[in-house]
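**Student:** For reference, the structure I am asking about is given below.
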């Protein structure tokens, strides 16, 4: 593990500003026109103003033309950590919540997507392994947009009923240690934004809000991101949102996972402090292996590769799932370190417990049909 020097920001093309300017005074409200002007002038929209603005956008109180202009303006001027935090707070307000009483070792495993790697659903496979090893998982996901197979697609292929109410998701977590929250069901207000995003056809702030807005409010998270600059940004957003233990990762081969094919950048929030470092497969006794063999064409192929990994079939799928599930176990505070987590993940796979966890979860979701 190599600690990174984060004092000097790197120059990047990603449309996000890493540091927010703190206001001396903030207005409670801001008009759409004022917000757009602020973006054009490359000035920050402060926290309370962003709360007001996002509530208007989510409730369709701003015209589609103006909403699109503001979303574009935010991207061009570069969104700040404060703006992202406020926007995520509003999305959480509008979400259909999942109540979970036992929150010990409770974690979300999620990625932003958009990395263009077209690999099988590594984080989805990892959640079964992590749950079998003692974590409780609240996974928040959707159908594939940039990927060949989103988490919802592969879960359906595996026989999971993804159309559960928040109450039913909570019951699944209590019964199996796993809950899957299908984004359209839990974020109904997004229907007002979806047509705007579709017509725009470019990345906006909403592309990075999904992983920040878990309806079960999991206090711990393993989050993969599509760009290296997002590592430091998202972990600091999680800090503002009150996360307990967060690991934000970016594989330097472009994966929004902990990678076997390259070093992985990590931003970790623990005990209220953030640190950034780099890890390598060799740190954990793993060989560096190209991720090319992990690519799939659709959910059917992703399902097959996921079952290989859970079935303890030797190969790259099993290795990368062990690596990511182990990291999730560390994020969930089940394991004392990533290395300890990998050991626990391997045991869960080799014993058959991970595959049994998948079968149990499928049965639990089917009871609600």
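Placement of Cβ uses the backbone N, Cα and C atoms for every residue, glycine included.
Owing to the predicted nature of the structure, the values given are computational and were not obtained by experimental measurement.
These came from Swiss-Prot, pasted as-is:
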{"type": "BINDING", "residues": "111, 114-115, 119, 121-124, 139-147, 151", "note": "5-phospho-alpha-D-ribose 1-diphosphate binding site"}
{"type": "BINDING", "residues": "111, 142", "note": "anthranilate 1 binding site"}
{"type": "BINDING", "residues": "123, 257", "note": "Mg(2+) 1 binding site"}
{"type": "BINDING", "residues": "197", "note": "anthranilate 2 binding site"}
{"type": "BINDING", "residues": "256, 257", "note": "Mg(2+) 2 binding site"}
**Student:** Going by C-alpha positions, which of the binding-site residues (142, 197, 257) is nearest residue 111 (5-phospho-alpha-D-ribose 1-diphosphate binding site)?
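**Tutor:** Result: the closest of the binding-site residues to residue 111 (5-phospho-alpha-D-ribose 1-diphosphate binding site) is 257.
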**Student:** Which residues of the same chain, at least 6 positions away in sequence, have a Cβ lying under 8 Å from the Cβ of residue 142 (anthranilate 1 binding site)?
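**Tutor:** The list for residue 142 (anthranilate 1 binding site) reads 150, 151, 152, 182, 183, 184, 210, given in order along the sequence.
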**Student:** List, in sequence order, the same-chain residues at least six positions removed whose CB sits under 8 Å from that of residue 143 (5-phospho-alpha-D-ribose 1-diphosphate binding site)?
**Tutor:** 150, 152, 153
**Student:** Provide the three-state secondary structure of residue 197 (anthranilate 2 binding site) computed with DSSP.
**Tutor:** helix
**Student:** In sequence order, which same-chain residues at least six apart have a C-beta under 8 angstroms from residue 119 (5-phospho-alpha-D-ribose 1-diphosphate binding site)?
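**Tutor:** Same-chain residues close to residue 119 (5-phospho-alpha-D-ribose 1-diphosphate binding site) (Cβ under 8 Å, separated by 6 or more) are 255, 257, 291, 294, 295, 296.
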**Student:** Return the count of C-beta atoms lying within 10 angstroms of the C-beta of residue 123 (5-phospho-alpha-D-ribose 1-diphosphate binding site), excluding that atom itself.
**Tutor:** 24
**Student:** Could you find out if DSSP has residue 142 (anthranilate 1 binding site) as helix, strand or coil?
**Tutor:** coil
**Student:** When the Cα-Cα distance from the residue listed as 'anthranilate 2 binding site' is computed for each of the binding-site residues 123, 140, 256, which gives the smallest value?
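**Tutor:** Sorting the binding-site residues by distance from the residue listed as 'anthranilate 2 binding site', the top entry is 140.
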**Student:** Three-state secondary structure of residue 257 (Mg(2+) 1 binding site) from DSSP?
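**Tutor:** Reduced to three states, the DSSP call for residue 257 (Mg(2+) 1 binding site) is coil.
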**Student:** Measuring Cα to Cα, how far is residue 140 (5-phospho-alpha-D-ribose 1-diphosphate binding site) from residue 256 (Mg(2+) 2 binding site) in Å?
**Tutor:** 15
**Student:** Name the secondary structure element type, per DSSP in three states, that contains residue 111 (5-phospho-alpha-D-ribose 1-diphosphate binding site).
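**Tutor:** For residue 111 (5-phospho-alpha-D-ribose 1-diphosphate binding site) - judged by DSSP and reduced to three states - the answer is strand.
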**Student:** Please report the number of other Cβ atoms within 10 Å of the Cβ of residue 140 (5-phospho-alpha-D-ribose 1-diphosphate binding site).
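**Tutor:** Total other Cβ atoms inside 10 Å, all chains included: 26.
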**Student:** Validating a neighbour-count step here. Other CB atoms within 10 A of the CB of residue 257 (Mg(2+) 1 binding site): how many?
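**Tutor:** If we count other Cβ atoms within 10 Å of residue 257 (Mg(2+) 1 binding site), we arrive at 28.
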**Student:** Between residue 123 (5-phospho-alpha-D-ribose 1-diphosphate binding site) and residue 256 (Mg(2+) 2 binding site), how many Å separate their Cα atoms?
**Tutor:** 10
